[in-house]
Each structure stands twice: as C-alpha cells, then as structure tokens.
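Scroll down for the structure; my scribbles are underneath it.
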Amino acid sequence: MGWRSDSFLSTLKCRVLVVGAGGIGCELLKNLVLAGFANIDVVDLDTIDVSNLNRQFLFRREHVGKSKAEIAAQAVRALVPNVNITCHHDSILSEKYNVDFFEQFAVVLGALDNRAARNHVNRLCLAARVPLIESGSSGYIGQVSVILRDVTECYECIQKANEKTYAGCTIRNTPSAPIHCVVWAKHLFNQLFGEVDIDDEVSPDLKNDEDRRPDQEMRQYGIRDGKEDCEEKCWEGDATTNGDVVDGIANGSSEEPERVCTRTWAASHNFDPQTLFRKFFHDDIEVLLTLSDLWKSRRKPTPLEWDNLPNQNPGSSKDRTNEDLWTVLECREQFEKAVLDLRTRVTGDSVLVWDKDDDASMRFVAACGNIRAYIFDIPMKTLFDIKSMAGNIIPAIATTNAIVAGMIVVEAMKLLFGKMEKMRNVFIRNQPNPRGKILVDEVPGKPKPKCYVCSEQREVIVRTNIELTTVRAFEQKFLKGILNMVAPDVMIPMSGNLIVSSEEGETDRIAECKLTEVGVSNGCLLSCDDFLQKLKVRVQVSHSNKLEADEFEIATDSGATAQQNNGVPAKKRKSSTEAQESPKRARIGDGEEAI
C-alpha cells in the first residue's frame, strides 16, 4: 500500500475524535488533515487567550476570546478545504458525550490538560470499546500512550503522582500563607461551579472546638449534636447551611437548619455575587470567630461587608509594586464580574473545570484568594503571582507539543492499518538516555488486575434521571430489584464516598437524597460489592432527562443479561420489587450489545 494511494486514503476516511484543541490539539489537527484523515470531530470548551498564541499556531490575535474548537476547525479547512471536520465548543464532560457518542469513532485521540477529563475519556473509551491514544506534555518532556480495552493498561492503571496538598483544617480555618488562600479559592471554585470533591470543603471545620461551643451556637450554625453532625458535615464535603434558615434560627425559630450542598444553595440564589460574598467572607468568618481556642495565639480574622471595603492596599509582596495589586474593593469588583460570567456557563448538572488560562476562572481565584488573605492579615498577591501558584506553571514548549502530536498520528496509523503488534508507548525525555535517545518507546503494559476501571469484572451501564432518582431507589429498585444483590455496598471510587452500605443505618441519612446530591454525575463509575454473594459489579451511571424519578434502563450488562434469560437477549422488564410496588419501569434496552 503506497503513501497516499487510493486504498491508503480510503482507510483514513474513518471517523476520528480529537479531544482538546490546545497546544497538542492544534498540532494534532494540522497533522491529521495533512496526513489524509478526512472525517474529524474536535471537542474543546476553552476560548483563545493571548497567552496561547506563542505555541498554539492555528490561532491569531484577532481570534482572542473565540472558541478554540471553532477557530481550529476553520484553520485546518484552509489547509485542506475538502476535509469534513465538525467542531464542538463544549465540555467533554457534558452528558451528551456518552458511550453512544464515543461508539461512532474508530479511534479517540486525547490532547487534554487535566486529570479529571482524562479519567472521563479513558472510562468512556473503555466502555465503548474504542481505542484511545492518550498524550500529554510538560515543558521538555512528553508522552503518548496507547489504550486498548483488554489488551493494554488504561490511563488509570498507573497511579499518578499526587499533587501537593495542605491540611484541610489549615485551609478552612487558619490560613497563614498566600498559597493557603489560593488553594481555598480553587476549592471554592469547584464547590460552586466544578465537580464535587470531598476534599474541596471550604466552610469552617467545626470539629476544632466542638465541645466548648454553647448549644445555641451549635444549633445556629447547623450543628445539632456536636460531633455527630460535624462528621456528617465532613462526609458531605460540600455542605453549607442555608442562610435564610440560619437567620430564622437566630431570630428564635425552632426549626432545624436546612442542609444543602453549596452548588444547590448558590443556584437557589442565582449565584448572586453579593449573597455569595456575604456567606463566604462574612458569615463563615463569624463562625470561625466562635471557635475561641483557634485565636488564643493567632490574630483573629476580620469579617467583611460588601458595601464597606477599603480602596487601598494594606501592603504588598516585596517583589511587586502596589500598582500591580488589586485593592480589596477591586477584588470585590473582579469577584462580581467573574461570578456573573461563570454562572452563564453552568446549566443543570454541568460542571466547569478550572483552567489558569480561562480569564473568568483565573480572576475568580485571584479575587477570592486575595479577599481571604486580607481577612486573615496575609500579604495579598498580584494576578501574575496567583496564576503561578494556582497553576503550578511549567512553561509550555511548542516543539514538545509538535513531537507529541506527530507520534499520536504515527500510532493512530499503526492501529487503523492493523499493525497493532507494532504499537508503542512513546516518551520524550528532556535529556538523552545512555543510548543517546530523546525518544524512548516501550511495548504497552498489560491491564493491571487491581485497576478498578479496566479490570475484569461484571459491568453494567444504567440510564436513570440522576436529578430525580434517590439513593434509596437506586439501592432497592436497581441493585436489589434488577441486579438481585442482597447486601450491597456502593462507593464512588474517585471521591471515596460510600453512598450505600450493607451495615444497617450507616447511610440512612442520605437515603432520600437525589443521586446528584451525593456526588453521582453523568458518566460516574460506581464500585458495587455484595459480600454475601461475593459479587463485584462496576456500574456506570448515564443521565437521561427522558426518564422519570426512580426509573432505570439498562443499556449494557456484560455478565448477567443472557444468563438470567437462558441465553435469550433481555427485553424491557421490571425489577421484582417494582412489579409489586411501583408502576415505574426498569427497562433493558432492546438489541444493545453487552460490553
């Protein structure tokens, strides 16, 4: 088969998906169209920033502020006018990019820059049985990895180095350095706009002084029983106290405070900047001041009022002039602008991923970090300084991205032309190895038996309305009714949250919560274990607005569908408990192959 022969080009007419149109993505799209690929989809949520122009060569200054996916598609069409390229200015985490979407492609080419999105794409490619070529770069080093279901290790088989972390109580209660305030601000971004993470709590940690607080103060701030509710607060990860209810208790109401997640509470107030400001920079600080032991040897924080902020700097970092620093009033103004911008991007259960190159996201973190620093009498920092701290910036090298993108196309061609035995993982080194090589390749490793994402075990993809379905219904109607489990334990592996327990009463407090309220999102993987049956099942939850509350529809089941029907593909059916107790349906998708 000759280079660019008819048979060669015919093979390249298959549909491929490129996820990410940044540094690697731009080079990759250019390489694909010049190599002869004819049908390409590209997904990227980001818009073009001035800082991108030195390495993302498909973009020009007049494109700043526009969609990366759209401009990249236009640029490669100029190179090869007859290419069929479809752009999606959207987050790959969106519910519409589900298993069915991924199954349309012959191969997925990853050019992402954050772990959460990489994990998501890895799991959906495995579920859809679509090959994934994953990539990344950091300064002068880079890598390209081939991921084939049941053949190679997946992205999550290899444990990634943990990012530097700080004690939660320091971040939430007693920050003493600018980095503590910046980390808190990034956590606040995730609580309001991102994916729920138990480690991203921003409200005061009330366990510090739980036995010394007066009972009325405990009730006022949502602590009904001291230690017990503190544990609940920490478990929830994103718990807050509804401000209206707190006011009612303070005024003598006997009602218990309503506990809602931060995102839900903020959405109920339409992400009003002034309301958010009062909660995080006044009310929460007032709560901290009641923890008297914290301030015996520390300076007390100062709660702030929206309408009473200084328009001058109390001090600055030594290596920057005052002109580079926002005043506290300017921080409030930047906070307001950023919140108004970010709230327009959040709809339903969609989530944003913090990106240092996104203007609104960066201004939000810088403003919140500096406001919190002012409250705790910590030196404020410039936007540049905060961007360096928040993004852990390693300079992006255009040539590294170009090499990575070239190797992606090489490995993709091996795959498409049936040369799978020749596929390799490729690593770009910043210094030659003992053999004098900068590019080092290796045979992809085998799947890790203990990897909870790709190891051999029964898999089920279930569709349900996660905004309406409760945890109790998931346990009773799906796990016990459809999967016939007896004593299930269900955990979200990414966060470690246990949402269903075989121990009586352990998770009763969240039984009536909606799945979204306990951290289950579209595409979420759940680890389900029945110790009585010695059965482990991996369940992927797919959100569907078409389904009613507590209704389930199985898309694929790798282990039991045929067995339970004597080898005959299952049709729509009700769970055993549902048939007796509820008119709602639990359905098996007709004609859909099991994984």
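Cβ coordinates come from backbone N, Cα and C, glycine included.
Keep in mind that TrEMBL annotations are predicted by a computer and have not been checked by a curator.
Taken verbatim from TrEMBL:
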- 12-432: domain 'THIF-type NAD/FAD binding fold' (DOMAIN)
- 20-25, ASP44, 52-55, LYS68, 91-92, 113-118: ATP binding site (BINDING)
- CYS154, CYS157, CYS451, CYS454: Zn(2+) binding site (BINDING)
- CYS169: active site, glycyl thioester intermediate (ACT_SITE)
- 302-321: region 'Disordered' (REGION)
- 462-548: domain 'Ubiquitin/SUMO-activating enzyme ubiquitin-like' (DOMAIN)
- 555-595: region 'Disordered' (REGION)
- 558-567: compositional bias 'Polar residues' (COMPBIAS)
- 581-595: compositional bias 'Basic and acidic residues' (COMPBIAS)
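Everything TrEMBL records as a feature, shown here on the structure.
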residue	record	Cβ contacts under 8 Å, 6 or more apart
GLY20	ATP binding site	VAL43, ASP44, GLY110, ALA111, LEU112, ASP113
GLY23	ATP binding site	ASN52, ARG55, GLN56, ALA111, ASP113, SER137, ALA396, ALA398, ASN401
ASN54	ATP binding site	ALA398
ALA117	ATP binding site	VAL19, ILE92, LEU93, VAL353
CYS154	Zn(2+) binding site	ASN122, LEU126, ILE147, PRO447, CYS451, VAL453, CYS454
CYS157	Zn(2+) binding site	GLY445, PRO447, LYS448, CYS451, VAL453, CYS454
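Note on the domain 'Ubiquitin/SUMO-activating enzyme ubiquitin-like' (462-548): its mean pLDDT in the predicted model is 88.
Report note: the Zn(2+) site is defined by CYS154, CYS157, CYS451, CYS454, and the residues of the same chain whose CB lies within 8 Å of the CB centroid of those residues, excluding them, are LEU126, GLU153, TYR155, GLU156, PRO447, LYS448, VAL453, SER455. Secondary structure counts, DSSP: the domain 'Ubiquitin/SUMO-activating enzyme ubiquitin-like' (462-548) has 17 helix, 30 strand, 40 coil. Note: SER91 (ATP binding site) has non-local neighbours LEU45, SER350, VAL351, LEU352, VAL353, i.e. same-chain residues 6+ apart with C-beta under 8 A of its own C-beta. The sparsest Cβ neighbourhood within 10 Å, among the listed recorded positions (CYS169, CYS451, CYS454), is found at CYS169. Every protein chain considered, the tally of other Cβ atoms within 10 Å of the Cβ of ASN114 (ATP binding site) stands at 12.
The two recorded residues the residue listed as 'active site, glycyl thioester intermediate' and ASN114 (ATP binding site) have their Cα atoms spaced 26 Å from each other.
According to DSSP, CYS157 (Zn(2+) binding site) sits in a coil region rather than a helix or strand. There are 25 other CB atoms within 10 A of the CB of ASP44 (ATP binding site), with all protein chains counted.
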